[in-house]
Structures are given as structure tokens and as C-alpha cells.
Amino acid sequence: MNRRRAVRGLRARAFRAAEPLLRSVPRDHRESDAAFRRRRRVTGAVSVAGASLLGVSLSTPPGSPRFYGLTLGVAGTWVVGGLASGPLHLGRMFGPGDRLRRPVVTPVASGVGAFGAFYAAALVARRIPVLERAIGSVLRYADQGSTPLVATTALANGVAEEVFFRGALYAAAGVRRPVLVSTAVYGLATTATRNPALVLASVPMGLLFAQQRRITGGIQASVLTHVVWSALMLRYLPPLFADRLAEERPTAPAADDGPR
């Protein structure tokens with residue numbers, strides 16, 4: 001009997017702790033039919049333009065000025081497209097006493113948790129040749145590039161993706177299954193990279209970000225989660241693939257000693 005009570009008590013505490021993650025806040029983000037149609041036109045055009053630029057950016061040499069310029073261009077495309085589509089919202093979530101507050105701690109913890117799950121998955125992926133190659137081809141941009149510039153472009157793109165995909169595109173998806181629609185488009189845009197590891201990662205992370213958007217009614221939660229997750233991935237994932245990254249590095253040309 002005491003054990004049953006203890007289990008019920010643990011369940012009740014777990015539910016109370018998880019309630020902010022599951023309870024959607026009330027909101028009124030309605031817009032006119034004309035504004036909604038305009039948002040859809042803008043997001044459709046920007047989705048194609050941004051995905052195309054994304055594919056080009058990851059076909060450039062790591063550490064090259066062209067790579068940094070293109071990746072910042074991708075971020076700019078997402079941000080400008082998101083803001084041009086219509087109003088965006090930061091969102092709120094329930095806190096103690098049912099008070100609404102801006103989401104901060106929970107999204108940061110979610111980013112740490114997502115990183116932990118991906119780190120565990122990476123331990124398995126590095127034993128699968130096709131995934132090891134795919135992950136190595138992405139991490140080489142961090143390994144061979146300038147750390148501050150790589151971090152800047154990666155985090156800027158994380159924020160920009162949330163502005164567009166969980167901000168503008170989620171709103172353009174309408175009231176019927178916006179979580180699935182926005183995640184599907186996010187995954188389709190990622191296929192432009194032609195990298196299976198990035199495409200696979202886009203699905204669970206897209207679902208997580210979209211759920212945060214659904215619950216909070218805005219993009220602040222997903223922005224914080226995305227930034228924390230990206231920063232931890234950049235810092236701790238490359239050492240797991242050190243051998244692969246060593247193979248990816250360009251070899252220096254042999255010195256010419258001249259005629260003998």
C-alpha cells in the first residue's frame with residue numbers, strides 16, 4: 001500500500017512538473033483572410049528561395065568566405081521572409097499559480113535534453129558508415145573553419161529558422177495540423193542539403209520546436225531551445241568524430257625541393 005502511494009505521489013509530482021510543457025496558453029492571433037493569403041504567398045516563395053540557398057551554402061569549401069557569406073545569406077532570407085509575412089509573437093507559458101510568463105528555463109532545459117538524446121544517437125551513428133560520413137561532412141565546417149565565425153553563422157541560422165518556420169510558416173499552415181505541416185516543410189527544406197543526417201535530425205527537432213510553438217503561441221521557446229541545442233552540438237559532437245574529421249581535412253601539397 002505504501003509503495004502504491006509513493007508511486008501515485010511520484011506520478012502527481014511528475015505531472016505537475018510537466019504541465020507547463022503540455023498546457024497551451026490562450027491566445028488571439030487572428031488575421032484577415034487577405035493577410036492570411038498574403039502570408040501564405042510570402043512563405044511559399046521564401047521557402048523555395050531559402051532552401052535553394054541552403055543547398056548551395058553546404059556545397060562550398062569549409063572556411064571559405066563564400067561559405068560564411070552564403071550561410072549568413074540563408075539566415076537573412078529566413079528572417080526577412082518571416083518578418084515580411086506578417087506579425088510574429090514571442091509567446092508565453094504557464095508558471096506557478098497559473099501566471100503567464102515568457103518561456104526561458106523550460107526551453108533551455110529542453111535544449112540540453114535534446115542534445116543529450118542526439119549525443120547518445122551519435123554514439124550509435126558513428127558505427128554506421130553512411131551516417132558517419134554524413135555527420136562528418138557537416139562537422140568539417142566547424143573543424144576546418146573559424147570557430148567564432150562558425151558559431152555565429154550556426155546560431156544565427158538557428159534563430160532565423162525559428163523566426164520563419166515556427167513563426168511565419170506555422171501561422172501560414174492554418175489551424176489544421178500546423179505542427180505536422182510546418183515540420184514537413186522544414187524537413188523538405190533540409191533535403192536541399194542532400195545530407196541524410198541533417199534530414200533525419202530535422203524531423204524530431206522540427207516536431208519539438210513546433211510543439212513549443214503550439215503550446216506557447218510564439219517563437220521565444222523554440223529559439224532558446226534551438227540555440228542551446230546548436231551550441232552544445234557544435235562544442236561536443238566533433239570530438240566523437242575525430243577520426244572521420246581527420247580524413248576530411250585537405251592534405252597539404254608536398255614540398256617541391258626542385259631539381260636534384
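Note: Cβ is positioned from N, Cα and C throughout, glycine not excepted.
It is 42-60, from the ranges 4-22, 42-60, 175-193, 213-231, that TrEMBL records as transmembrane segment. Summarised by DSSP class, the composition of the domain 'CAAX prenyl protease 2/Lysostaphin resistance protein A-like' (146-231) is 75 helix, 0 strand, 11 coil.
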